Amino acid sequence: MTQTILLCAGGTGGHLFPAEALAHELKSRGYAVHLATDERGGRYAGAFPADEVHVVPSATFGSKNPVAILKAGLKLWRGYRGAIALMKRLRPAVVIGFGGYPTVPPMMAAVQVGLPTMIHEQNAVMGRANKFLAPRVRAIAAGIPQDHADAAIKAKMTVTGNPVRPPVLEAASIPYAASQDDEPFRLVVFGGSQGAQFFSKALPAAIALMSPALRARLRVTQQARPEDEADVRTAYAAAGIPAEVSPFFSDMAARIGAAHLVVSRSGASTVSEICVIGRPSVLVPYPHALDHDQAANAARLEGEGGTVVAPQRELPASRLAELIRRVAEEPTYAEGMAKAAKSVGIPDAARLLADLVASIAGPGNRP
Ligand SMILES: CC(=O)N[C@H]1[C@@H](OP(=O)(O)OP(=O)(O)OC[C@H]2O[C@@H](n3ccc(=O)[nH]c3=O)[C@H](O)[C@@H]2O)O[C@H](CO)[C@@H](O)[C@@H]1O
């Protein structure tokens, strides 16, 4: 009988996309793959190769209002009860959580029913949901070494890297070639899966400070939040710079592959993709993240000389303009960054994670 693996991931692309990459690998090994996600997760699950998608209600205690807390508690309880029934019906060989509060009800249900469980943490600093689940699950996989984790947590941890989706591996096969002299310079700007408001003003302001010669070379892809999209498009049109602007690009891996420079946030998947593909970058960590210190995600890449990490509060337009100019006008510098990034990438993370899943599923239960 075909074994079923249940992947639990919700919320943002940062949790869903590594699960999607693992799903492709598991499917190719003959497993049935199901996805448990929340209502929001559906937004990013369009290309998810799941045999079935199960929506499990979840909530966080974000408000101090007693009515809101009661509502959140009831929703969590409903999600948990539904997930218990789902686990009993599906009897998955392994249940894997990818972090974020939507994974708590299904993962707790899997623990309660006594199923083999594991979590994957994408970030250098573990998020709250995974911290809560870590002592309860059988195994922990890490996208980035967790230097600050407790010894008990480290004892059951394997560093697999962050699985990247097939289009990322395709883009990784294209070698980096720096833009020379007066050739076009392709700049890709994005802010994680949800977009970052900061870049909507920062990029046009930086570009206004550049020399006419450099501006004439620029070809821009920029993700902008829906409320900023029109302004960003207008700014580029006024500057006479060819730019594609959208709230979300579904072909982002190919765009990173074609980029001479990436300017982005340093969410875990973003950093992993930049490394696997091997492109120069300027990373601006999200300053208000509750769970993740995004700067920590980029620390190893920065240490190898593969990126410049620029905290948002220390990034006036003049500095951003200079960081972009250097990559555009110094091809040897750009090529060194691309090479250093590639040296940090883990292209076979999906395979390593699937090996771990298979070892937990047990020898008697192979598909
Ligand atoms: C604000 C916040 O809490 N962010 C967290 C969230 O980030 P977030 O959801 O932004 O996730 P990541 O930066 O890890 O990944 C973004 C993903 O979206 C893709 N992409 C982006 C733009 C676009 O137009 N098209 C597209 O496909 C990228 O290629 C990448 O695969 O989860 C990450 C992984 O746990 C964490 O590291 C981040 O700290």
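Any Cβ shown, glycine's included, is placed from N, Cα and C.
What TrEMBL says about a protein is an automatic prediction, not a curated fact.
The annotation in TrEMBL ties T12, G13, G14, N123, R165, S193 to UDP-N-acetyl-alpha-D-glucosamine, and of the candidates under consideration, Q222, Q294, the one tied to the same site is Q294.
For the domain 'Glycosyltransferase family 28 N-terminal' (5-141), the DSSP counts in helix, strand and coil order read 67 helix, 26 strand, 44 coil. Proximity to ligand 1 at the level of Cβ atoms, with a cut-off under 6 angstroms, picks out G14, S193 from the binding-site residues G14, R165, S193. Around N123 (UDP-N-acetyl-alpha-D-glucosamine binding site), the same-chain residues six or more apart in sequence whose CB sits under 8 Å from its CB are G99, G143, I144, A268, D291, H292, D293, Q294, A296, N297, listed in sequence order.
The Cβ of G14 (UDP-N-acetyl-alpha-D-glucosamine binding site) has 25 other Cβ atoms within 10 Å, all protein chains considered. Of all the Cβ atoms in the protein chains shown, 21 others lie within 10 Å of the Cβ of S193 (UDP-N-acetyl-alpha-D-glucosamine binding site).
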